[in-house]
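Q: As annotated by Swiss-Prot, Zn(2+) binding site applies to His23, His25, His211, Asp292, with the evidence given as sequence analysis. Swiss-Prot lists Glu214 with the feature active site, proton donor, giving sequence analysis as the kind of evidence. Among the features that Swiss-Prot reports, site 'Important for catalytic activity' is placed at His235, with the record citing sequence analysis. Annotated substrate binding site per Swiss-Prot: Asp293, in sequence order, evidence recorded as sequence analysis.
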Amino acid sequence: MAQYECSEHMENFLRELPKCEHHVHLEGTLEPSLLFKLAKRNNITLPETFPKTVEECNDRYNRFADLQDFLDHYYIGMGVLITENDFYDLAMDYFTKAHSDGCLHSEVFFDPQGHVERNIDIDVVVQGFNRACKDANTKYGTTNKLIMCLLRHLPAENGLQTIHSASKYYQDGIIHGLGLDSSEKPFPPNLFTECYAHIKDNFPEVGLTAHAGEEGDHTFVSDALNLLKVSRIDHGVNSHQSEELMQRLAEQKTLLSLCPLSNVKLQVVKDVKELPIDKFFQMNVPFSINSDDPAYFGGYILDNYKAVHTRFGFTKDQWKIIALNGIKGSWCDDQRKNELISLVEEVYKKYNIEGC
């Protein structure tokens, strides 16, 4: 993979700049070291073809052929997560790393169907992740929210059953959003209209988002907006194929949760510079920069910020706008948004006073 480096001053600015992460899969933060630790702890035998060491894992993760190749490894890794403490440890490791990168608000995905089909109760999953959210909030002064994703390669009926089984967590405000992930092209948004309608009708305060326009074309984005009634699009890089869609995203202030290093790792593009990030900026399409599955793609949120800066050379003024758009597009309350906005202003002022 290409190297992305920037000046020490700019890296410090980007590190301190308060960030919101809207697109990270907790199962995708499973570092090889924790994967092997949990496999041993839970007496899990990994497939014979799976890498045997941390080094071999990292090497294999550097050679994903496409989205499906990654997903095959992703689901194997998921298999070592068994107990509530496993899910807690996984999430706390992520929150600790994200905080060190200057991430103050996270809205994190998890895939309950991938665990339930392994006979792991959804309560084990949610309670482990929720406990980590609470502990991270207390320890780091951050805010963290859970978004339950449906796996689009599974039948929509299964997704609806999963929503019903998670209803109490939506009711209690423990799960804050609904998302849609996994293989995109064979499973378009129209398959999941009933799932999204159920959430919208029964829990209107819950945020709706969906992966769209990563491998699928711009019509996947339009369909997610029109049919699923989402207020956010995950990835959405192919939105640039339609000027009409771009104008709509800008006018409606629909946030795209971009994942630059993920797009390179999964062969969507060869280099971050090929992404239409500058076009999104020029056309006032709001976006945030995110890590997606950092344990598999070799970069957490700061790494993605650095990669974008290296390739597009955004000024501190432009980075301030990106940070503010991320805050405004978050599903936290106005008080928290105002706190984060003030912190962005403080960091921006600090680095401008330094005169660089």
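Just so you know, glycine gets a Cβ as well, placed from its N, Cα and C.
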Q: For the recorded Zn(2+) site, whose residues are His23, His25, His211, Asp292, find every other residue on that chain with a C-beta no more than 8 angstroms from the centre of their C-beta atoms, and list them by sequence position.
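A: The answer, listed by sequence position, is Val24, Gly28, Phe109, Asp181, Asp234, His235, Ser257, Cys259, Ser262, Asn290, Asp293.
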Q: Fill in the CA-CA distance, the residue listed as 'active site, proton donor' to His235 (site 'Important for catalytic activity'), as an integer in Å.
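A: For the residue listed as 'active site, proton donor' versus His235 (site 'Important for catalytic activity'), the Cα atoms are 6 Å apart.
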Q: Measuring CB to CB from Asp293 (substrate binding site), give everything in the same chain under 8 Å that is also at least six residues away in sequence.
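A: The answer is Val24, His25, Glu27, Gly28, Thr29, Phe70, Tyr74, Ser262.
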Q: Minimum Cβ neighbour count within 10 Å among the recorded positions Glu214, Asp292: which residue?
A: Glu214
Q: Taking only the Cα atoms, work out how far His235 (site 'Important for catalytic activity') lies from His23 (Zn(2+) binding site), in Å, as a whole number.
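A: Rounded to the nearest whole number, the Cα-Cα distance is 8 Å.
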Q: Translate the DSSP assignment of His211 (Zn(2+) binding site) into the three-state scheme.
A: strand
